[in-house]
Amino acid sequence: MAADSKDFFTNTQGANMQYVTLNNGLKMPLLGFGTYDIKSIDTFLAAVDCGYRLFDSAQMYGNQKEVGAAIREAIHSRGIKREEFFITTKLSSDMDFESAKKSIESSLKALDIGYIDLLLIHAPYAQAKEMYKAMELAYKEGIIKALGISSFTQKVYLEFIKTCEIMPAINQCETHIYYQQRALLEAMKPYGTILESWSPFIAGKSGFFSNPTLTQIASAYNKSVAQIALRFLVQQGIIAIPKASKLKHMQENINVFDFSLSAADMESIRALDKNKTQFSWGY
C-alpha cells in the first residue's frame, strides 16, 4: 500500500512526523536518523531537538552506548518519554543461536534503554536463520518489540521467511532514486514486510545531488534535492534514515512532510531507476 493512502500512516499531534504501522501493530516513524560513523552524544541530542525519534544504530557502528546515552539524556532533560523513541540496532556478524542470544543481551546492555524497538540481522549471513530464532525468542520475552533483516534480496528474503515463525517487519536495503527496489517491494507486500532505505543519498555517488530531474523538481517545490529524494521514498511508505552531522542538514532532511510530489513528478523520478546497486558490497 502506498504511503499517500490515509490509512497507511497518521500524523502525530504537534509533531512534524508521520508514522507507518508495522505488521505487528507497532508504530514506526517514516523518517529517522542514520548513525553510521557518528559517536557524538551532542550530535544525537541535536537530532532529537530537530524532531527525530527514530535512531538507527548497529553493533558494527560502535556507537550503541552513545546512542543509548543520548536517549537517556533526552528523557531526563527534555521530558520525552521512552516510548516516543524508536531505536533500531543490528546483529552485525554471523553467529549461531546461542551466540546470537548473548549478542542481543550485549546490545541491550550497551544501549541501556530498557528494550530495543527494532532488531535487524545486518546482512544475509550463513547462519541468519539461527540468529533469527534467537531474535524471535527475545521478541516473545518482550525485550525486542519488532524484528527485521537488512540487505536481503528478493530471492534470499522469500527463502528466509519459509522458516520464520514471526514475519520480519522490516527489510532495510539500499534504496534510492537509482535503485528503487520495486520487485522487492511487491514480493514483501503479502507478508507485511516494509522496506526501509539505507543510504538514500548514495553518499553523493553517481551525480546524485546534481541530477537534472531532481534539481528541476526541487526548484519547482522550493525544496532541496535531498528533500525531494526523501519525499519520493516516504510518499511510497518507504522508511528512510538519512545520515547528517550538520544541524542544517538534520533540519532539512526531516522537513519533508509539509508537501507532496505530484503524480507526474513521482513518475519522472521513477524513470531514473537503474535497478542495480551503486555499491560493491556483494549483497
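Cβ atoms are placed via backbone N, Cα and C, with glycine included.
What TrEMBL annotates here:
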- 39-273: domain 'NADP-dependent oxidoreductase' (DOMAIN)
- TYR61: active site, proton donor (ACT_SITE)
- LYS90: site 'Lowers pKa of active site Tyr' (SITE)
- HIS122: substrate binding site (BINDING)
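All features noted in TrEMBL, drawn onto the structure.
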{"residue": "TYR61", "record": "active site, proton donor", "CB count, 10 Å": "20"}
{"residue": "LYS90", "record": "site 'Lowers pKa of active site Tyr'", "CB count, 10 Å": "23"}
{"residue": "HIS122", "record": "substrate binding site", "CB count, 10 Å": "21"}
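According to DSSP, the residue listed as 'active site, proton donor' is assigned to a helical segment.
Summarising model confidence by region, the domain 'NADP-dependent oxidoreductase' (39-273) averages a pLDDT of 98. Cα to Cα, LYS90 (site 'Lowers pKa of active site Tyr') and the residue listed as 'active site, proton donor' are separated by 9 Å.
Across the structure, the residue listed as 'active site, proton donor' and HIS122 (substrate binding site) place their CA atoms 11 angstrom apart.
Secondary structure at HIS122 (substrate binding site), taken from DSSP and collapsed to helix, strand or coil, is coil.
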